[in-house]
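Summarising the annotation, TrEMBL assigns transmembrane segment to D:24-43, D:55-80, D:108-129, D:136-155, D:179-197, D:226-248, D:260-276, D:283-305, D:311-330.
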Amino acid sequence: MTTTQNEPGRESAARPGPLLRVREAVKDYPGTRALDHMDFSLEAGEVHALLGENGAGKSTLIKALAGAIALTSGTVEIDGSKVEVRNPQQAQALGISVVHQHGNLVPELSVTENVLMVEGLGRRIGVLVDWRSAHRRTRALLDRVGLPDLDPHREVSSLGAHEQAMVAVAKALASNARVIILDEPTTSLQPAEVDTLFSQMRRLAEEGIGFVFVTHRLNEVFKVCDRITVMRDGGLVGTWQAAELDHDSLVDQLVGAEKAIAHEAFTATAPPREVVLEARGLRGDVLRGVDLQARAGEVVGIASLPGEGAGEVVESLYGMRRVHGEVLVEGTPRRIRNPQQAVAAGMALVPRDRLAQGLVSDLSIRENATLASTKSYRTDPVLRLMRRGRERSEVAEVMAQLSLKSGGLEKEVRTLSGGNAQKVVIGRWLLRRAKVYLLDSPTAAVDVHTKGEIYGLARSLADNGAAVVFTSTELEEFVRVCDRVLVLHDGAVVGELAGDDITVNSIMRLSFGRKSV
Amino acid sequence: MDSDDESSSNGNSGDNSSNGDSGQAAGPVEDLSIGFVAVNLNSPSINGIKDQFVEAAEEKGWTVEVFDGQGDQAATNNAASDFISRGVDVIVNNSSPNAQMTGVMKEADAADIPFVSIYGGFVEGVDAEIGTNEFINSSLMTAEMANRLEGKGRVVKLNWTVLQALRDRDAGFDAVMSENPDIEVVREIEVKVPGQVEDSYDQLTNLLQSDKNIDAIWLGWDELAPSAVRAIEEAGLEDKVFAVGFDGNSFAWDLIREGSPYKMEPANPFPLMGAKAIETIETIVGGGTLPSKVVYMKPCLVNEQTVPAEGEEPDWENCAFFPGEV
Amino acid sequence: MAESPQATGPRRETSTSDKLIDVVSRYGTIASLVACVAIFSLLKPDVFATSQNFFNILNQVSILGIIALGLTVALVQGLFDLSLAGMATLGGYLACKWLAEGTFGSPAVAVLVVLALALVIGAFNGVVVAYGGVSAFIVTLAVGSILTGVVLGVSDSQTILSGIPDGFLIMGQGEIGPIPMPVVFLLIVAVVLYVFLEQTQLGRHMYAIGGNAETARLSGIPVKRYALLALGISAACAALGGMIVAANLGVGRPQGVGDTYLLDSFAAAFIGASTLRPGRFHILGTVIGVLLIGVINNGLSIMGVETFWQYAVRGIILLLAVFAASFLVMRRR
Amino acid sequence: MAESPQATGPRRETSTSDKLIDVVSRYGTIASLVACVAIFSLLKPDVFATSQNFFNILNQVSILGIIALGLTVALVQGLFDLSLAGMATLGGYLACKWLAEGTFGSPAVAVLVVLALALVIGAFNGVVVAYGGVSAFIVTLAVGSILTGVVLGVSDSQTILSGIPDGFLIMGQGEIGPIPMPVVFLLIVAVVLYVFLEQTQLGRHMYAIGGNAETARLSGIPVKRYALLALGISAACAALGGMIVAANLGVGRPQGVGDTYLLDSFAAAFIGASTLRPGRFHILGTVIGVLLIGVINNGLSIMGVETFWQYAVRGIILLLAVFAASFLVMRRR
Ligand SMILES: Nc1ncnc2c1ncn2[C@@H]1O[C@H](COP(=O)(O)OP(=O)(O)OP(=O)(O)O)[C@@H](O)[C@H]1O
Ligand SMILES: Nc1ncnc2c1ncn2[C@@H]1O[C@H](COP(=O)(O)OP(=O)(O)OP(=O)(O)O)[C@@H](O)[C@H]1O
Ligand SMILES: [Mg+2]
Ligand SMILES: [Mg+2]
C-alpha cells in the first residue's frame, strides 16, 4: 500500500496536532471487519474528501467518530490529545457534528425541532420551550443552506428528499461544531443545491471548521475539496492534496488499477426495435398530458427539476399515483392502478429510496431477491410450498452475474453496503424477467465502479429486449447511458433529446423551461 | 361469592331437608390423600373454604394437594384428572360448577374415587355436594325487602345472570315479585363483568339521576354494595332508598354496621363448608350413607341487629335466618 | 421494527380535495363525539342533556382519563404499558391500607408515597426495557403479574372498607364548586401532561424518540433515560387513578380495580391517535377518546339499553368513529 | 404504532465472544424452560417429572397454544388481535348451541361452520384494517366488544349444559393413544402454521409485509389481502381454541372463556420473538413461549404455591427468561 502523506497547507496554527486524528481504527462485525487499521486526519479549515467503494468502511469510520458505534480498537485524537467518543453526547461535547448517511431527521417532527434537536429548543419561563426564538434561529439556519422560504413549522415528512437533505445540513450547522462530517449529503440534491451546499462549506471552512465530505460523485470532489483520502476494504489507500490527482488517477486509486474502467459509453450500438412501453396523455396532480414511448433496446431518460414531473412519470407508470391516461405494454392496454397490476404487466421498479421502498432489511438476500417472483418457485397454486433449492441456485446465479459482495445469500440484507443492496433490488427484477424497467435514480449512493456496472446492466437489459426508463439527479448520467431523454418542465414534456444532442447543458436549459435547445 | 367465581348451586335437587346433618358416620378414617381443585383462589370466599378444609383435613392427618386454576376451568379439570390418574383417595371440587366437570366425574367414577364438591351445584355423578340453596335464600331476602316496602314501591335489580347461583337468586326474586303486584321493577340491570364494581356504580348513578323515585335496590351479590351505597348517597337518597344483597363479605357487614343504605343480606357459612366436607368425606369413605347427596348449609341473616362486631363472624351454628327469629 | 409508514414514499402537492380530506380525517372522531352527544340529547333530552349529567359523564370518565393520559405518554415513545392494571390496583389498595392501619396519618403523605412508589416501579419497567433491551409489552405484562401477586399477598384477598379517613375519601367524593374532585384531578393531569408533552424539551424529545429512536440517539438525546421517565409517568397516573377509584367508592379492593380500565385506556389513546394529528398519540386526542367512550357508555346506560347491546353498540360506534377518521387519511397516503 | 423492542445505545463487541452471545441470546428462553423443568423436577420428582405430567402440561397448554399460534400469524404482520378473546368465547358457545339445538347434526359440520364463520369475522377485521386504514389494535378491540355482546345476546347469558353430543366432546376429552385430543389439535395447528409461515409463498409474503409493507407492495404483493388472511387465521385459531375448551368442559359458556387466554397468548408470542430468531415472531418461538408459561403454571400449582406467589413468581420468571434472551441481543446490535 503506497501512502503519500502530505502536510496540510493552510491554517497551521500553534496546535500540538491536527484537529482530528484517527489511528489504527478497527471495527469488527460478526464475520466482517468493517475497519482495518484505518488512519485518518483532518485539519482545521480544510474540506477533506473521504472516498472509497461501497462497503469500504466510510460510514463505519464516521459512525465511530460520531459515537454511534464503538471501535473495536484504535484511538481518536482531538488537537493531539487522546479522547473517548463512546456516545453521541461525547462527540457533540468534542465539537463533532455529523450528517449521517441515513436517518438524520425525525419525519414526524417540525423542521425547527429537527434542526435544533442537538442544540435544544431553548426555554422561557423555566421549563417551557421558547418557540418564537427557536423558529427564528431555525429560519436563520435555513437561510444559510439556501432554503429561506421554508416554513420552519412544517413537518419534515411533508418535505421533498432534497429539502430534507438540506435540513439535515442545517441541523449539522446549528451546533457550534469544529468538525462537520457529511456522509453522502448530495445523493438526492440537484446541481444548484449542491452549489449552495458547497458555498456554505467553503464559507465555514474559512472560519476554521474542518469538513469531512463523503461522496461518490468525483466531480464534486474536485469542486470543493482540499485533500482526498481513499479507503479500500476498511483500510487506508492514501491521502493526497486534491491538486495532485485528476479524475482518472483518482478512479485508479478508488477501485484498484486492475478494475479501473475507461470512460466507456453505454449508449446503444444497434437501432431500437419494437415499442414495448407506451403511455398516452398522463395527467395528474403534476403531470399535464405526458406521452412517452420506450422501445426494446433503448434506454429512455426522463429528466426534470424535482417535483416537475420525472419522478411522477415513474410513479404513475408503476401505479403508485392515480393519474388519467393510457398505458400500453407490448401494444396491449393495461389497467395499472396499483403496483401489483404494474408488476403483472411486466414492469419493474428500482425505487429511489432503497431502504424504505426497495428492501426488507430483516430478511435474507435470497428472500429479498425473490420477493417479486415467489410464484415461479412455488410447487403449485394450492399448497404453494416454496422450492428452496431452486430458489437458492437461481439467486446465486443472478447475484454472481451482478458480482454481489456479501457474506452469503442467507445473510440479512441490512448488513450490505449501499451499492450491494442496490444490486439485490435489481436482481429481484432479473429473476422476474420484467419487460419494462423503471430505474429511479438507480445509482444514488453507488460507488463509481458499481455505477459503471449498473450502466452496463441497464444497457444489457435494453439489448435483451426490455424497455428501460431511467432517471437521475446527476445529469452526466443521462449523457452516458440514455439513447433518448425526455425533459419535463412543470408537468409537461418540453423537449426530447437524442444521441449527441444529449448534453448536461441542453437538459438543464430545457428543464428550466427554455424550449429551444 | 364473587362474581368471577364460576360457582353455582342448583336448586332442583329435590332434597333440601338436610341441615348440617351428614348422616351416619362409619368410624374414623385415616391416611386419606385428597386432590383438592379450585378454579380461582383469588376469591376470598373460595380461599376461605380451602383454608378451612386444609386445616380440618390436616388435623385428621390427611394429606391435601391443592390446585389453583387461576380462573382457567380447563386447567382445573386437567388437574383433577391428573389427581385421579395418580390415584388420590378423594377428589374435592371447590366452587367450580359441577356441570363443567362431568368429564372428571366419569373418570373418578371409573377409578372408583369419590367426587365431593363444595358449592358446585348438584349434578348427576356427584357423590356429595355441600352448598346453600340460593333460590330459597333469595326468596326470603326478596320477601323481606317487600315487607320493608310494605308491599308497595319501586325497585331496581342489579345482577349478572351468567352464574348459576346468581340465576337461582334471580328466580327467587322473580317468584316473590310476581306475588307483589304493587311493587314495580323499574329496571333490571345486567352488570358488566369484569368491571362490575365500576359499572354498577355508573349505571346506578345514571339511573338515580333521572329517576329519584326509587325505593329499594336489589343486588345479586354484595361486591356491588359499596358502589350502590355510594351512588345512593351521592344522589342524596340515603334516607329513602335501601339496598339488599347476598353472600357474606366482611366489607358488606361493615356497611350494614355503619347504618348505610345497605341494610341486609343472607351470609353463607363458607368457613363451615370445609369442615362439613371433611365430615361428609369421612362418611362416604368409611362406607356410611348420606341422607342426601346434597348437603345444604344454613346461612345467617345479617342486618343492623345481627351484624357481628368488626373483625368477627356471625355465630354460624346458632344464628337466625328468618327475620322473625331476630 | 417500528417504522412509521408516512415517513417515506411518494408525496403529493396539496390540492383542494386533499385539504377537505385532511379536515375530515382530523376531525372525524370529534365529529363522532358530537354526533353521539346530539343523538343521545335528542333521544333523552331531559336526562342526557343536563348540566348535571355533563359533570356526571366527566366524573365517570375521569379515572379512565387519568390512566389513559399517563399511558399516552408511554405510547408516544412506542412503549405499551400493561402493568397499569396491576399498578392501579396496588395504588388504591396501598393508600387505603396504610391510612386504615395508621401507617401514615396524613392522606396527602400517603398519596405522595404511593405516587413515589409508582414512579419507582415504572422506572424499573423502564430500566428493564431500555437497558435490558426487552420489549415493553412483555416487561410490563410480567411486572403487572408481579404487582397483582403482591397486592393479593399483602391484602390476603381482603377488601378494606373501614378506617379510611375522610381526608382521603375527598379525593374521590369531594367537589370544588360544582366540579367533582375526580374531574379536578383529570383536568390537572391533562393540563400538566399537555404542557409537558407539547411545550417542554423533555416532551419534544419523547416525540423525537417515538418518531425515530436511532435518530434521537445520534442527536445526543439520552434515549434510555426517557423510557424510565415515560413508564414512570404512566405508572404514577395509573396509581393516581387507582387511588381515586378507592376514594370514590371508599373501598380498597385488592384485585380487579385496574383491569377494568386496561383495554379502555388503550382504546382511548388509539382513538386519540386518529384525532387531529393522525398517527400520533397526543393528550388532546386521548381526551377526545376518553370522552367518546364516556359519552357512549353514559348514553347507552341512560337509555336503559340491554347490557349485551351496550357491548355491541359500543363496538360499532368505536369502529365507525375511528373508521371515519382513518379511512380518508389512508386514502391520502 | 408497532412495538419497538430494540433499545439503542453504545455498541461494543468482540468477535471472540460474538458466537457465545449469539448462542445465549438465541437459546435464552429455551435455557429458562429447561431450568424451570429441572428445578420443578428436583423439587417434586414424583409428581412433576412423570410422563403423565408431561402430557398433562401439554394438555393444559394446548388451548393457549392454539390461540397463541394463530395470534403469531397476525403478529408476523404487525397486527395486534384483541378480538381473539371474544372470538374464542363465541366459537365455543356457538358450536355447543348449534349441536344442542340440532341445527347441525354432525359435530364435524358444526366445527367447520364455526371455523368458517371465524374466518369471515377475522377477514372483516382485516378489511377494516387494510382498506379502512384503522390500526388493528382498535379494530379488533371494537370487534371483540361486539362479539362479546352478540354471544351474551344470543345466549341470554345462559350456559349450555345439556344436549352436546359425545362426538363433539371428544375434541376436548378424547385421546389418540396416550395423547389427549387437545394436544393432537395443538400439534396439527403448530405443524400446519409452521409449514405455512416458513415454507409457503403466502408465509414468505407475510414476513415481507411485516418487515416492510411498502417494499412488499412495490414488489407486486397484494399487501392488503394479507391482513384479511392473517386476521382470519388468528380468528379461526381462537375459535378452535374456544371449541376445545367447550368440548373439554362439556358446556357452552357465553362469557369469559377467551379472556383467560388473551394476555397469556400475547406473552407467549412475545417470548417467542426473543427465542432463536430474536426480533421475529415465529411458530417455534411461540411454542417455546407457550411451554414456558405452561411449565411455570403447572409447576407452581403442583407445588401448591399460594396464589399470590404464583402471580409474583410467574412474573419474575417471565422477566428473567426474556431478559436472558434480549439483554445480550441488544448488546450485540
Ligand atoms: N451492522 C452491521 N453488521 C454487519 N456488517 C456491517 C454492519 N454495518 C456495516 N457492515 C459492513 O461493514 C462494511 C463497511 O460498511 P460501510 O457502511 O462503512 O461502507 P461505506 O463505505 O459507507 O459504503 P457506502 O458507500 O455504500 O455507504 C461493509 O462490508 C458492510 O457490509
Ligand atoms: N378497479 C379494479 N378492477 C379490477 N381489479 C382490481 C381493481 N382494483 C383493484 N383490483 C385488484 O384487486 C386486488 C386488490 O386491489 P388493491 O388495490 O386493494 O390491492 P392492494 O392490496 O392495495 O395491492 P397493491 O399492493 O398493489 O396496492 C388486486 O389484485 C387488484 O389487482
Ligand atoms: Mg456509507
Ligand atoms: Mg393499493
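Each residue, glycine too, has its Cβ placed from N, Cα and C.
With Cβ pairs under 8 Å as the measure, the transmembrane segment (D:55-80) is packed most heavily against D:226-248, out of D:24-43, D:136-155, D:179-197, D:226-248, D:260-276. Between the transmembrane segment (D:283-305) and the transmembrane segment (D:179-197), three or more CB pairs separated by 6 or more residues in sequence fall under 8 Å, so the two stretches touch. Segment contact is absent for the transmembrane segment (D:24-43) and the transmembrane segment (D:179-197), given fewer than three CB pairs below 8 angstroms at sequence separation of 6 or more. Count of Cβ pairs under 8 Å against the transmembrane segment (D:136-155): among D:179-197, D:226-248, D:260-276, the largest is for D:226-248. Relative to the transmembrane segment (D:108-129), the listed stretch D:226-248 leads the set D:179-197, D:226-248, D:260-276 in CB pairs under 8 A. Sequence-remote contacts of a segment are chain residues at least 6 beyond its ends whose Cβ falls under 8 Å from one of its Cβ atoms, and for the transmembrane segment (D:179-197) they are 55, 58-59, 61-63, 65-66, 69-70, 72-73, 76, 170-173, 203, 206-207, 233, 237, 240, 244, 247-248, 282-284, 287. Through the fold, the transmembrane segment (D:260-276) approaches residues 5, 25-30, 63-65, 67-68, 71-72, 75, 80, 82, 84-85, 88, 241, 282-290, 292-293, 318, 321-322, 325-326, 329 of its own chain, all at least 6 residues removed from its boundaries and within a Cβ separation under 8 Å.
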